[in-house]
Amino acid sequence: MSSLGNLTVLTGPSGVGKGTIVRKILESHSDVWLSISATTRQPRSGEIDGEHYFFLEKKQFQEIIDKDGFLEWASFSNNFYGTPKKIVKEKIEKGTNVLLEIELEGARQIRKSFPEAFQIFLAPPNLYELEKRIRGRGTETEESIRDRLSIAEKELIAQKEFDAVVINEDIEKAFKEIEGFMGLKL
């Protein structure tokens, strides 16, 4: 009988480097599966059902909510998004390590629905550096930057709720630290 996999939740403010860390983990560790969210929004060009998202009708999504079938779910821009419980549990039971990149409220829901998950908060060295990174993307309006920084200030207060806090001052160091928390072999 193989040993169980683990669920690791990665949270942090927009622009902190979560996506980069996730890509590095997936490139380095074929035994890690990135959880796929379900959504009621329409697929964008090039998105594949079951690969990028599980695309559902609102009625289907509501049925899953009613059956307590999500680890977490939320409504955003008139659409629903959620993490299906069944596939995550199946992967863990087969010994696969599951990684979930999610926002703060979702992480809080998972703390209740799957308390054995290891939760990591990825933090910037400071808000000035975070602002520099967000501006460096070149994709945000001034209003969006202000909104993201305001949300980030609130999220940073919540880092004490997490099992581990990793300061992303250097992407390689942060990556190695998260690998260690996930118990991944080199």
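The backbone N, Cα and C atoms fix where each Cβ goes, and this holds for glycine too.
Listed features, source Swiss-Prot:
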type	residues	note
BINDING	G12, P13, S14, G15, V16, G17, K18, G19	ATP binding site
DOMAIN	5-183	domain 'Guanylate kinase-like'
G12 (ATP binding site), number of other Cβ atoms within 10 Å:
29
For G17 (ATP binding site), write down the residues of its own chain that are at least 6 apart in sequence and whose Cβ falls under 8 Å from its Cβ; none is a fine answer.
L122, R133, N168, I171, A174
Listed in sequence order, residues not in G12, P13, S14, G15, V16, G17, K18, G19 with Cβ within 8 Å of the centre of the ATP site Cβ atoms:
L122, P124, L130, R133, N168
Just to confirm: which same-chain residues, 6+ apart in sequence, have a Cβ under 8 Å from the Cβ of G15 (ATP binding site)?
P124, L130, R133, I134, R137, R148, A152
Enter the number of other CB atoms within 10 angstroms of the CB of V16 (ATP binding site).
27
